[in-house]
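K.L.:
First, the structure itself, so that you have it in front of you.
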Amino acid sequence: DFWSVPNLITISPEVEKLLSSGLKMYLVESKGGAIVCMLVSLFFLGTWPALLTLLERRGRFPQHTYLDYTLTNLLAAVIIAFTFGEIGTSSTGKPNFLPQLSQDNWPSVLFAMAGGVVLSIGNLTTQYAWAFVGLSVTEVVSSSITVVIGTTLNYYLDDKINKAEILFPGVGCFLIAVCLGSAVHASNSADNKAKLDGYSNDSKDGIRTNNITNSKHAYTKRVGVNDEKGVASIEKAKFGTALFLIDLEKRRAIKIFGKSAVIGLALTFFAGVCFSLFSPAFNLATNDQWHTLKDGVPHLSVYTAFFYFSVSCFVVALILNLIFLYRPVLNAPKSSLKAYLNDWNGRGWALLAGLLCGFGNGLQFMGGQAAGYAAADAVQALPLVSTFWGIILFGEYRRSSRKTYTLLVGMLFMFVAAVGILMASSGHRK
């Protein structure tokens with residue numbers, strides 16, 4: 001009988017439920033997926049500061065660099081929202097990105113935007129701190145403060161889904177790392193001072209005087225002159241030498257000679273406090289632990305929260321840097337909007353840095369929503385990556401003392417231990 005054919009086809013309840021509900025919005029839910037997100041985020045978030053530092057050392061105005069960076073940082077959030085946030089069929093309980101924009105979820109939106117504000121201020125502060133105390137030390141100190149404060153807050157906000165007996169020893173490793181980071185900076189500063197004092201004494205004796213007093217000569221040695229064949233023969237000062245430090249000071253946008261390192265450390269600690277608050281604020285935005293939403297209003301998805309988070313980050317950065325163009329701080333050069341628009345030197349690197357930071361933050365939040373934001377703070381071990389770039393690109397710690405190298409190795413070891421321990425504390429959000 002033809003009409004009995006449908007009775008021969010059986011569909012399991014699971015498949016029937018899937019077909020009736022349609023594809024769901026993509027969310028990272030497994031612990032393994034969360035760890036992958038954290039590792040990729042760790043690489044991205046450790047690389048973008050190196051790109052901005054590279055541009056500052058080449059003399060590009062920090063205001064120009066940060067304006068470029070913040071444009072693509074917002075673009076990354078928009079891309080994530082309209083891809084991952086729009087995959088699958090929207091439902092009443094778990095709406096997609098666009099439907100959530102019109103819902104009455106302003107308490108959560110404000111938490112997300114508050115997180116973006118403190119992150120923007122923290123990132124802007126570190127851009128100036130890098131010039132004073134170096135890329136490695138800035139990232140070590142600020143990241144460690146972030147973990148000590150932020151991870152503790154996230155642990156309690158997430159209803160203790162992470163294993164405390166594993167999590168807090170990891171936090172302790174970060175705390176040790178910040179102490180070692182400060183010691184590394186003090187030791188390296190003493191090494192650099194000894195190099196410059198020795199160079200100055202040589203100059204008083206009539207040795208290499210022209211290299212210091214004649215700036216044009218020093219610049220020619222660095223940039224190079226064309227030989228008879230028209231090929232530039234570049235004669236760079238070697239990493240870690242006194243001449244290298246003097247030449248770097250001439251090229252960089254922010255002048256630091258004669259300035260107290262306390263300024264840089266103060267900026268770094270302030271940035272660390274800002275960074276320690278953005279992740280807990282984002283956690284409150286997506287999980288509503290304080291029950292600020294009205295009954296029946298779904299929680300913000302991680303993609304919608306990240307969009308609002310990035311918008312506020314962009315607005316703060318735009319306003320502050322437009323002000324700093326005309327009223328610069330910390331001896332940064334004065335500029336103008338017209339000069340910024342015409343400055344294409346290094347713009348590609350600044351735009352790339354914004355994309356890396358944007359996708360890095362997005363991946364951190366995706367992993368944190370699955371395995372707990374306290375465990376996701378493992379990405380604050382980004383100084384591992386930043387120190388690598390600092391040594392390779394900028395010659396940090398070259399020709400330093402044995403004491404500096406010993407402290408540096410100890411600092412990096414504590415970060416490796418901290419990453420493994422925090423990831424091992426990952427839980428699973430119900």
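Note: Cβ is positioned from N, Cα and C throughout, glycine not excepted.
TrEMBL feature annotations, pasted as is:
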| type | residues | note |
| --- | --- | --- |
| TRANSMEM | 33-54 | transmembrane segment |
| TRANSMEM | 66-85 | transmembrane segment |
| TRANSMEM | 105-122 | transmembrane segment |
| TRANSMEM | 129-154 | transmembrane segment |
| TRANSMEM | 166-186 | transmembrane segment |
| TRANSMEM | 260-282 | transmembrane segment |
| TRANSMEM | 302-326 | transmembrane segment |
| TRANSMEM | 347-367 | transmembrane segment |
| TRANSMEM | 373-393 | transmembrane segment |
| TRANSMEM | 405-424 | transmembrane segment |
K.L.:
Which sequence positions outside the transmembrane segment (166-186), separated from its termini by at least 6 residues, show Cβ-Cβ distances below 8 Å to it?
P.N.:
133-134, 136-137, 140-141, 143-145, 147-148, 151-152, 155, 261, 265, 374-375, 378, 380-381, 383, 397, 404, 407-408, 410-411, 414-415, 417-418, 420-422, 424-425
K.L.:
Counting Cβ pairs under 8 Å that sit 6 or more residues apart, are there three or more between the transmembrane segment (66-85) and the transmembrane segment (347-367)?
P.N.:
yes
K.L.:
Ranking 105-122, 129-154, 302-326 by Cβ pairs under 8 Å to the transmembrane segment (405-424), which is first?
P.N.:
129-154
K.L.:
Sort out the residues at least 6 away from either end of the transmembrane segment (302-326), same chain, that have Cβ-Cβ distances under 8 Å to it, and list them.
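P.N.:
Tertiary neighbours of the transmembrane segment (302-326) are 25, 27, 62-63, 66-67, 69-71, 73-74, 76-78, 80-81, 84-85, 97, 100-101, 108-109, 112-117, 119-121, 123-124, 278, 282, 285-286, 332, 334-337, 339-340, 358, 361-362, 365-366, 369.
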K.L.:
So if I exclude everything within five residues of the ends of the transmembrane segment (33-54), which remaining residues of that chain have a CB under 8 angstroms from its CBs? That is, six or more out.
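P.N.:
Counting only partners 6 or more residues beyond its ends, the transmembrane segment (33-54) has Cβ contacts under 8 Å with 62, 65-66, 69, 126-127, 130, 135, 138-139, 349-350, 352-354, 356-357, 359-361, 363-364, 366-368, 370-371, 375-376, 378-379, 381-386, 388-390, 393-394, 419, 423, 426.
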K.L.:
Give the nonlocal contacts of the transmembrane segment (105-122) in its own chain as ranges (CB under 8 Å, at least six residues past its ends).
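P.N.:
That would be 70, 142, 270-272, 274-275, 277-282, 284-286, 288, 292-293, 297-300, 305-306, 308-314, 316-317, 320, 361.
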K.L.:
Sort out for me which stretch, of 129-154, 347-367, 373-393, has the most Cβ pairs below 8 angstroms to the transmembrane segment (260-282).
P.N.:
129-154
K.L.:
Give residue numbers and ranges for long-range contacts of the transmembrane segment (129-154): same chain, 6 or more residues beyond its ends, CB-CB under 8 A.
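P.N.:
For the transmembrane segment (129-154), the nonlocal Cβ contacts are 46, 49-50, 52-53, 56, 122, 167, 170-171, 174-175, 177-178, 180-182, 184-185, 188, 252-254, 256, 259, 261, 263-265, 267-269, 271-273, 275-280, 283, 330, 368, 372-374, 376-377, 380-383, 386-387, 389-391, 394, 396-397, 408, 411, 415, 418, 422.
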